[in-house]
Amino acid sequence: MQLKLVPEGGSRSSKTFKPKKNIPEGSHQYELLKHAEATLGSGNLRMAVMLPDGEDLNEWVAVNTVDFFNQINMLYGTITDFCTEESCPVMSAGPKYEYHWADGTNIKKPIKCSAPKYIDYLMTWVQDQLDDETLFPSKIGVPFPKNFMSVAKTILKRLFRVYAHIYHQHFDPVIQLQEEAHLNTSFKHFIFFVQEFNLIDRRELAPLQELIEKLTSKDR
């Protein structure tokens with residue numbers, strides 16, 4: 001079950017919503033990413049998400065958070081033509097769940113906005129966190145800040161909302177584009193990871209609870 005996002009020959013659209021976040025080659029985090037890709041190749045996602053022996057939990061969470069950002073970036077990039085101000089005037093995940101945007105700094109009071117606007121705010125905000133060397137240090141020996149795990153949890157909680165929006169509002173185009181297996185594999189990997197380290201509150205996962213049970217029941 002490979003998670004290579006663009007197959008040889010480039011038959012899948014390689015358009016990303018935001019620029020891809022690269023982990024510097026030769027760095028320890030790059031080695032961790034390669035380890036993650038190799039274990040994913042075995043097809044056992046429960047094993048693939050486990051903290052490798054002797055590794056730092058913060059670093060493992062950081063590497064995987066960057067990887068999930070890139071995956072979601074790519075997945076959303078394939079359906080942006082279908083997610084418009086007209087089709088998605090609010091950011092929702094089915095009729096019961098609606099999200100309003102606030103980042104605590106630029107926008108303190110939650111605002112109601114369209115899904116494309118919300119996802120633009122969200123992905124830009126995540127990108128800013130990933131690019132902040134004080135939060136996501138890429139150099140060996142630079143420690144992670146004390147609040148790193150709470151920042152990572154907020155990032156992952158928000159990235160989940162993009163998966164939830166795609167599944168609830170744009171699954172038909174995903175099937176038309178033959179991206180269904182790719183989306184399911186990516187989301188299953190994401191869910192196993194956040195479950196392994198208890199990174200997202202169960203209530204936050206409610207919009208996709210049935211799907212989560214279906215995708216994870218075979219691997220208990």
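Yeah, the Cβs are placed from backbone N, Cα and C, and that goes for glycine too.
Sequence annotations record features per position, and here TrEMBL assigns Zn(2+) binding site to Cys83, Cys88, His165, His170. Sequence annotations record features per position, and here TrEMBL assigns region 'Disordered' to 1-24.
Structural mapping of features recorded in TrEMBL.
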{"residue": "Cys83", "record": "Zn(2+) binding site", "CB count, 10 Å": "21"}
{"residue": "Cys88", "record": "Zn(2+) binding site", "CB count, 10 Å": "19"}
{"residue": "His165", "record": "Zn(2+) binding site", "CB count, 10 Å": "26"}
{"residue": "His170", "record": "Zn(2+) binding site", "CB count, 10 Å": "23"}
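In sequence order, Ile79, Phe82, Ser87, Ala115, Pro116, Ile119, Ile166, Gln169 are the same-chain residues whose CB sits within 8 A of the CB centroid of Cys83, Cys88, His165, His170, the residues recorded for Zn(2+) being left out.
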